[in-house]
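Colleague: Mind looking over this structure? Questions follow.
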There are 2 protein chains.
Amino acid sequence: MFRLFVYLNILGAFLVTGLHIVEPGPEYPASKGAIWPRPQMQSIEIPYYKFDSDILEIKVVDHDCPILSNAVQRSLAVLREMLRIASPYVNRNAPQQVLDDDTYDGPLKSLSIYLTSPCEEYPHFGMIESYNLTIAADSTLRSSSIWGILRGLESWTHLFHLSDNRDQLHINKGEVHDFPRYAHRGLLVDTSRHYISMSNILLILDAMAMNKMNVFHWHIVDDQSFPYQSERFPDLSRLGAYHETLIYTKENIQTVIDHARNRGIRVIPEFDVPGHTRSWGVAKPDLLTHCYDQDGDYVGLGPMNPIKDSTYTFLQELFHEVQALFPERYIHIGGDEVDLDCWESNPEFQRYIQEHNLTSVADFHALFMRNTIPLLSENSRPIVWQILRASHQLIYSTGWYLDHLNTGGDWTEFFNKDPRDLVNGLSKDINVDNIVGGEACMWAEVVNDMNIMSRVWPRASAVAERLWGHESQATYQVHCRLEEHTCRMNARGIHAQPPSGPGFCLGV
Amino acid sequence: MFRLFVYLNILGAFLVTGLHIVEPGPEYPASKGAIWPRPQMQSIEIPYYKFDSDILEIKVVDHDCPILSNAVQRSLAVLREMLRIASPYVNRNAPQQVLDDDTYDGPLKSLSIYLTSPCEEYPHFGMIESYNLTIAADSTLRSSSIWGILRGLESWTHLFHLSDNRDQLHINKGEVHDFPRYAHRGLLVDTSRHYISMSNILLILDAMAMNKMNVFHWHIVDDQSFPYQSERFPDLSRLGAYHETLIYTKENIQTVIDHARNRGIRVIPEFDVPGHTRSWGVAKPDLLTHCYDQDGDYVGLGPMNPIKDSTYTFLQELFHEVQALFPERYIHIGGDEVDLDCWESNPEFQRYIQEHNLTSVADFHALFMRNTIPLLSENSRPIVWQILRASHQLIYSTGWYLDHLNTGGDWTEFFNKDPRDLVNGLSKDINVDNIVGGEACMWAEVVNDMNIMSRVWPRASAVAERLWGHESQATYQVHCRLEEHTCRMNARGIHAQPPSGPGFCLGV
């Protein structure tokens, strides 16, 4: 009578053995008022205070500057927005929150901010980021650096949580003493494989600040496209970008630097040379090496040409412009994945080897780097991609490639990696004290504006916590904290994906 | 003098061997005016016409109905939107497109739509979806079914492509004779592990229509939450949803059904029983079986209780309501992953086995299904999850689980799977003619509103093309067509992710 339709489905089996109790609701319930990344030292007491925007006064007691006043206004806006978002979900049938119980200590009256040194204009490697925060009716936040004050204000907003009825914001009495484990806590964003819009770059910076990350590593150009608009060489982007409108103008870049600076984030540009430069050659083919196949036929353009003076003349002018635009002392000049076989295939290079008694074609790479690094401005600090070697300071990124995917919650793999353990495993010659930090890397082959936010967040949050200071493994509590933090990012307009399975955020 | 910063980066090597020519620009250039999924038969001629909304007249010559007139209006809106989106990218410096060349055949004057049978109200299994489309100055679209007309109009919009200057829409002379290979081309969306907003569900239906998918399999409830709002049993969602507002009301569901119907998409609800029902038990704990551990201690609730009459009384009332709401004859009642050990652990069930001479605890599953299927309305067609067995009609989903991820372009894996080959591989007893289609399955442990669109699309597009008719492997040309189709989805508000590496879409 009934014709049965059957789904062919090997994965979802018909019968299951082994008692398997499932609870309804989220896989991991969100924590309430937990700071991400976890602070170095924190005490939480039972008494709590209520946020009332008519009562709370934020006092800048010592030094002040626009970075600080902007951050204060953003923090207050975050709290008001938390209440606004929660308003449709207030449980009006439940009994009113009892505010005259023993643990309610009244409204939050003030937050006094003690910045004990003048503001710096730009964040920098080695900047002070430590802060002390005391939550009481009259709270205090102290740091000797504007960057520490920014970190403390971010933590302060994390401590607020909705009351059970969702009609109030509460914060518990307590203290936070906090400082980062690593000085360099970065996120690489590749804007060459796909163009990323300005609005998403600014949102990424917002999210970085929420995760106390402090380096935006802008992998701005690569083989595929050249979206950096040079004033000196406008054809580079006019011809080398995917489209002449898919570019970053000088004004765009200044906007990014300023948005980042206000959040204590450095912007390190990367112009990867001599490889990964094919898009440069659309406008400037003479920069690149002609490659030949085994029959001696020309097959295409390869890495930059290290044996022509004009290459270096050009690079000096470009780097001069770039370094005038970016206030950051550090500049990333790549140096990775150079196609030596192209150099080797070129008869001119073979002649050069003989005439200059080079031992191998790899010497061209050394020659190029030796000639290029002095082109940078005098107090520059160059950064290069390199396999492990010698006693340089190290920034760890292996294992934190966000384009590598697994099913669902691979943030735990990122989280459980420790730069020091891995370095120890690789080479006994490396001094772990040379590791100054690390970066999560969003190579953009697989992301554009459609999915970059959900691909990066909250997966990069795991890296952020690891670099800030948290040394344990991904426990149940870490999962619960990341649930809350993901909903917090969602509430602030960051389209972070679900971290760990079934669950929900209200009002986003 | 310079302190070198070195990135520890095992993946991006310093030197590369093997000549490796990289071209600038997208990995796969987008095709121009290619239909996705690829039609069964198509001829494309060199002469082309220009779209001019002031000139083009769409004539409904034979039968008409609101489904048809709505679809015509949507198609025209799509074309106008293509021009609007392209307008900032028009190349005004390039020479004007020459419209008096040999291949330009003037503006498109008319499209005459011949629907030779009256409209049906709802799409259904086995509906006719074939159509014939002739592109000329006076074009024609013919089908004996409204559903075929919808498929043909969709193809018609795909044929338009921007002129080289991006200031005009062109369409080539030609013909399309098209029909689906499989009758059932579905997408499962799980709204229990995460709640999916109405706006995203409607966008998913839009995208399904763009891919000629015709079954929205709504896995509406599961262990974690019960967002279906029942009129008869309102507590099911009031208590069993993640939040009392994260529900689908009767009006919501009617909106979904109507939106789907207008696009030729069936809506098959799934109420998975007797397992996967933990959230039902928040409001109705008596429905579920008490499970015990080895010491005989109660440990929690398990599958529905198949030996209580009240279970079936309840299901009859619920199914009655559901079937009155959904016009679809088919209803999915799950049947998968039942925790037999819970039934076995319960003393009452052990007594029942003895008293009724059951041979094993698995008999309870048969008992449950035997009692439940007759509760469905008389002309229902039940669907269940099942491992391969017997001579039932089959819907293939293994290997098309969208929650399973690989790096980047795993759509090729989906694309290269053919339901028939796999069934042949599994069992010689299965008649491939019993395979009526397949479904891409978006289990929602790893997706919510933040990332569901980019996770589903364009990966489900690969399944859509496979099910419509395309039998070859994922070639270079398929990649190029999917680039265009992904940009097309982006332009229509679908946040599909990049399919295959570096590239760009303009105006999204």
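Glycine is treated like the rest: Cβ placed from N, Cα and C.
Curation plays no part in TrEMBL annotations; they are all automatic predictions.
Below, the features straight out of TrEMBL:
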ACT_SITE  A:GLU337  active site, proton donor
DISULFID  A:CYS65-A:CYS119  disulfide bond
DISULFID  A:CYS291-A:CYS342  disulfide bond
DISULFID  A:CYS487-A:CYS505  disulfide bond
DOMAIN    A:35-156  domain 'Beta-hexosaminidase eukaryotic type N-terminal'
DOMAIN    A:182-387  domain 'Glycoside hydrolase family 20 catalytic'
DOMAIN    A:389-469  domain 'Glycoside hydrolase family 20 catalytic'
SIGNAL    A:1-24  signal peptide
Colleague: Considering only the disulfide-bonded residues A:CYS291, A:CYS487, A:CYS505, which residue has the minimal Cα-Cα separation from A:CYS65 (disulfide bond)?
Modeller: A:CYS487
Colleague: Please state whether DSSP places A:CYS291 (disulfide bond) in a helix, a strand or coil.
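Modeller: Reduced to three states, the DSSP call for A:CYS291 (disulfide bond) is strand.
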Colleague: What whole-number Å value do you get for the CA-CA distance of the residue listed as 'active site, proton donor' and A:CYS505 (disulfide bond)?
Modeller: 43
Colleague: Can you tell me which of the disulfide-bonded residues A:CYS119, A:CYS291, A:CYS342 is spatially closest to A:CYS487 (disulfide bond)? Compare CA atoms only.
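Modeller: Of the disulfide-bonded residues A:CYS119, A:CYS291, A:CYS342, A:CYS119 has its Cα closest to that of A:CYS487 (disulfide bond).
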Colleague: Could you check the disulfide-bonded residues A:CYS119, A:CYS342, A:CYS487 and tell me which sit with their Cβ under 8 Å of a chain B Cβ?
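Modeller: It is A:CYS342, listed by sequence.
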Colleague: Sort the residues of the domain 'Glycoside hydrolase family 20 catalytic' (A:389-469) into helix, strand and coil with DSSP and give the three counts.
Modeller: 31 helix, 13 strand, 37 coil
Colleague: Check the Cα-Cα distances from A:CYS505 (disulfide bond) to the disulfide-bonded residues A:CYS119, A:CYS291, A:CYS342 and tell me which is shortest.
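Modeller: When the Cα distances are compared, A:CYS119 comes out closest.
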Colleague: Which of A:CYS119, A:CYS291, A:CYS342, A:CYS505 has the fewest nearby Cβ atoms, counting only those within 10 Å, among these disulfide-bonded residues?
Modeller: A:CYS119
Colleague: What is the interatomic distance between the Cα atoms of A:CYS291 (disulfide bond) and A:CYS119 (disulfide bond), given in whole Å?
Modeller: 52
Colleague: Looking only at A:CYS65, A:CYS487, which of these disulfide-bonded residues has the biggest number of Cβ atoms within 10 Å around its Cβ?
Modeller: A:CYS487
Colleague: Looking only at the domain 'Beta-hexosaminidase eukaryotic type N-terminal' (A:35-156), what are its DSSP counts of helix, strand and coil residues?
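Modeller: Final tally across the stretch: 35 helix, 35 strand, 52 coil.
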Colleague: Any idea what the Cα distance is from A:CYS342 (disulfide bond) over to A:CYS119 (disulfide bond), rounded to a whole Å?
Modeller: 50
